[in-house]
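J.: Before we start, here is the structure in question, set down as structure tokens.
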Amino acid sequence: MNLEEYFARTGYKGSLENQDLETLTDIFQHHIRAVPFENLSIHCGEKITLELEHVYNKIVHKKRGGWCMENNQLLGWVLKCLGYDTSFLGAYVFNPHENAYATIMTHLLVKVVIEGKAYIVDAGFGVSYQMWQPMELVSGKDQPQAPGIFRFTEKNAIWYLEKMRRKQYIPNQNFSNSDLLEKKDCRKVYMFSLEPRTVEDFCFQCTYLQTSPDSLFTKKSICTLQTTDGFRALIGWTLTETKYNYKENMDLVEFITLKDEEVEKTLKDKFNITLERKLVPINVKGFYTI
């Protein structure tokens, strides 16, 4: 494993001299625009494991993506190698269809401290809830970014992340009531404490999310990648392309339904992913909004 290979994978060619916020942001943005958030291994007969060497080989050599435990673990390793003050945290993701936070800690986060200020660096959420810049860990402060306005709120040592979105313009009216569309203007994303975590704390969750019939990830094949002006997502056979602030305070969301024979080419053309095994797309209704 080496940093040169990782940066070749993400296309980052900037300076590595300073462990500052500007460099961190640039490295982070290259990661989220090159490495998809995806769970395709589950739906093509592969097992997801959390050994760093396996994650590195999958993302850097095989040019795949991963979910939070893979993306953020790899990014955390990179930042630590560069000399950043880096640690892992664990979050409980909000389920909009149950209107409740998960009871299992399934989301791995990176915390970075720069000149005494703490930032959350999360390269593993995907779709419109994917931050584009590290977020300062302060309570009650609106932090506007291209995807929308993010905000942390702290209550009794628990931190909550929420996001305010823009209106959405959907040209294909057949999808105007899609269950993939978020209806609320303000959306809870996840909650977490500042207790340091290790990758080993997520071993049970990694197996559970791949195997449980109750897991979102067994119900939907997901591949999503941030672009320079929005993001793409392939959920089952449904391809969406979102452009942020297409018009004032409005995002453009385009929907297409793919045929089986179009999925493989779309993964290659839109997400730069080539799978070694045959993907079996799945999209059980509910449980997930983009």
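Just so you know, glycine gets a Cβ as well, placed from its N, Cα and C.
As annotated by Swiss-Prot, active site, acyl-thioester intermediate applies to CYS68. According to Swiss-Prot, the active site annotation covers HIS107, ASP122, on the basis of similarity to another entry.
Can you tell me where each of these features sits in the structure?
T.: Counted within 10 Å of its Cβ, the other Cβ atoms near CYS68 (active site, acyl-thioester intermediate) come to 25, all protein chains included.
Residues within less than 8 Å, Cβ to Cβ, of HIS107 (active site) and separated from it by at least 6 positions along the same chain comprise CYS68, GLY90, ALA91, TYR92, VAL93, GLY124, PHE125, TYR190, PHE192.
ASP122 (active site) falls outside any helix or strand according to DSSP and counts as coil.
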J.: Report the same-chain neighbours of ASP122 (active site): residues 6+ apart in sequence with Cβ closer than 8 Å to its Cβ, ordered by sequence.
T.: CYS68, ASN72, LEU109, VAL110, GLN130, MET131, MET135
J.: Helix, strand or coil for HIS107 (active site)? Use DSSP.
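T.: Assignment for HIS107 (active site) reads strand.
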